[in-house]
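The following features are taken from TrEMBL:
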- C567: active site (ACT_SITE)
- 120-136: compositional bias 'Acidic residues' (COMPBIAS)
- 55-97: domain 'UBA' (DOMAIN)
- 158-188: domain 'UBA' (DOMAIN)
- 280-606: domain 'SAM-dependent MTase DRM-type' (DOMAIN)
- 9-49: region 'Disordered' (REGION)
- 118-149: region 'Disordered' (REGION)
- 231-264: region 'Disordered' (REGION)
Amino acid sequence: ELMYILRGWTSDSDDSDKFEWDNDGEAEPSSAPAMRNFGSPGPSTLGSNDWINGEVPPTSLIERYVVMGFPKEMVMKSIKEIGHSDADALLELLLTYKALDDDDAVGNNHSTSGCILPVVEDDDDPDFENCDGDDDAGGRESSSDDSGYEDFMREMSERDEKINSLVNMGFSEDEANRAIIRCGADADICVLVDSVSASRVAEDCHSRNLSDHQVTDRCFNSFGGRKKARLMEESRKKRKRYGGGGQGNRPSLDGSDEESMPLPNPMVGFNLPGYSGSSVTRMLSKLDTGPPFFYYENVARAPKGEWAKISRNLFDIQPEFVDSLHLCAAARKRGYIHNLPIENRSPLLPLPPKTIFEAFPHYKKWWPSWDTRTHLNCLQTCVASAKLTDRIQRALVSSSNPPPKSVQKDVMDECKKWNLIWVGKNKVAPLEPHEMELLLGFPRDHTRGVGKTQRYKSLGNSFQVDTVAYHLSVLRRMFPNGVRVLSLFTGIGGGEVALHKLGIHMRVVISVEIGEASKKIFRSWWDQTQTGTLIEIDDVKSLTNDRVASFISQFGGFDLVIGGSPCNNLAGSNRHHRDGLEGKHSALFYDYVRILNFVKSTMAGRR
């Protein structure tokens with residue numbers, strides 16, 4: 001019965017904002033494969049004549065590959081075909097078989113292995129932002145001396161490095177993620193390259209419009225010939241080009257490389273409170289220093305070359321990449337370019353909770369021991385559906401206690417992807433909006449007053465307040481009488497909330513925001529907390545140079561130009577329109593550049 005419940009976990013095509021499962025009924029018993037029993041003995045009835053050289057493989061060898069996620073029948077078939085003396089060749093054959101098996105599973109909405117394969121859902125909503133976090137949380141249990149937390153960060157960084165390396169080799173991010181899911185996060189980069197190549201061979205077979213039987217025979221029978229030669233040649237070229245290691249050939253950080261600007265590991269920016277690593281010394285030219293100061297933000301894992309373009313358009317200033325996981329209990333990888341000083345920063349006090357249980361201690365009662373997360377993934381603009389959480393509950397109720405490893409893994413995949421928390425026995429649920437507000441550093445009920453869907457959407461697109469406040473803290477001593485702010489793409493006011501929490505008075509804010517729900521949220525907060533002047537503008541396109549000049553004349557200039565242009569065409573989740581800065585929405589970055597340059601030149605002329 002458990003197997004029928006677990007089958008068919010996939011996404012509903014009719015609900016682009018929620019991850020759902022398209023099979024509400026139960027599968028026919030005849031089509032459900034038997035659940036793997038990891039404790040059962042290996043094959044003992046096969047005659048030696050069925051194996052290569054009459055050599056029966058050890059039971060432990062078969063179980064090792066089964067634990068890796070390959071069906072027992074597939075392992076035995078592969079060993080019969082090529083033996084088990086060459087581990088690399090055996091793994092390659094298994095990966096090819098698995099790629100074929102996965103392709104069949106996509107067509108039939110279930111896997112013949114009985115595993116629950118996570119499905120990455122493409123989202124057509126241009127405002128959907130997964131903030132490159134569909135695979136970067138999870139978490140490992142931390143010990144009291146933080147060694148577990150360091151292990152977690154190292155593992156997550158290594159995973160990101162492997163994804164970046166594969167993307168730099170020319171593979172898509174989706175291919176890289178699937179390879180890591182198949183082979184495990186610990187797999188060597190060469191194994192991941194082979195896995196992607198094997199999957200491409202399988203796709204090539206299917207592209208010939210052969211029947212399933214013909215496809216299987218064609219690919220399996222030719223594995224030792226032309227197909228294998230092509231696979232191995234592609235793998236060798238990739239390995240040779242990138243040195244066979246996880247780092248690949250890394251470009252310089254000076255912004256001159258059009259292909260890539262690699263992300264630092266760990267992603268702690270120039271410095272963070274309590275971080276023991278060496279701080280960065282940054283030199284800016286006199287023309288680049290403020291005032292006016294400027295502060296620009298966007299998703300860290302943008303397409304190749306985009307951060308080099310952003311840097312070049314913002315005076316070739318080096319980006320500061322920070323994952324908010326170092327500051328709070330949720331991941332949020334962002335890049336910041338600014339001309340603020342980086343010395344004498346100070347964090348907001350009290351420090352925010354840094355682990356799940358520090359933030360939400362009441363959930364510890366229901367948290368299973370096999371869920372070792374200490375931090376949450378990136379907070380998205382949408383949440384999991386009730387249908388998905390109900391499926392998880394049914395699967396766990398029908399399982400043993402604790403559930404089998406395969407069930408644990410599949411449940412954890414969904415918990416990590418959707419930031420599900422344990423609210424009862426075998427019961428998971430999405431974060432509530434007020435819990436997301438806490439994690440992002442906003443006051444409770446900051447987004448209350450608009451629909452729940454809009455609350456999630458606006459929070460998913462916002463700043464992480466504690467991170468931004470740490471960077472802006474240097475302004476306190478510079479502007480004891482308050483600041484004049486030009487706020488582009490204001491959203492729900494993450495930058496303004498950070499300034500308020502720092503105790504910096506905002507004398508005037510020119511807010512540019514097109515979203516009605518976000519404007520309503522920000523205006524409500526401003527009216528309750530601020531005494532300065534607020535001027536609202538709907539569209540950045542309507543903020544012409546003449547209007548900017550009139551504001552500079554009226555208020556004497558600006559002390560800070562802050563904002564993060566839309567990430568719609570930069571975020572990793574937008575598979576359909578990930579066109580970078582030339583995309584319809586993310587091209588608004590150039591309006592930020594236009595306005596900033598005009599402010600700088602106009603104010604320089606007034607001195």
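Residue numbering: from 1, along the chain as shown.
Note that Cβ sites are derived from N, Cα and C of the backbone, with glycine treated the same way.
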Secondary structure tally of the domain 'UBA' (55-97) (DSSP, helix then strand then coil): 31 helix, 0 strand, 12 coil
Cβ packing number for C567 (active site), 10 Å threshold: 25
The domain 'UBA' (158-188), counted residue by residue under DSSP: helix, strand, coil: 22 helix, 0 strand, 9 coil
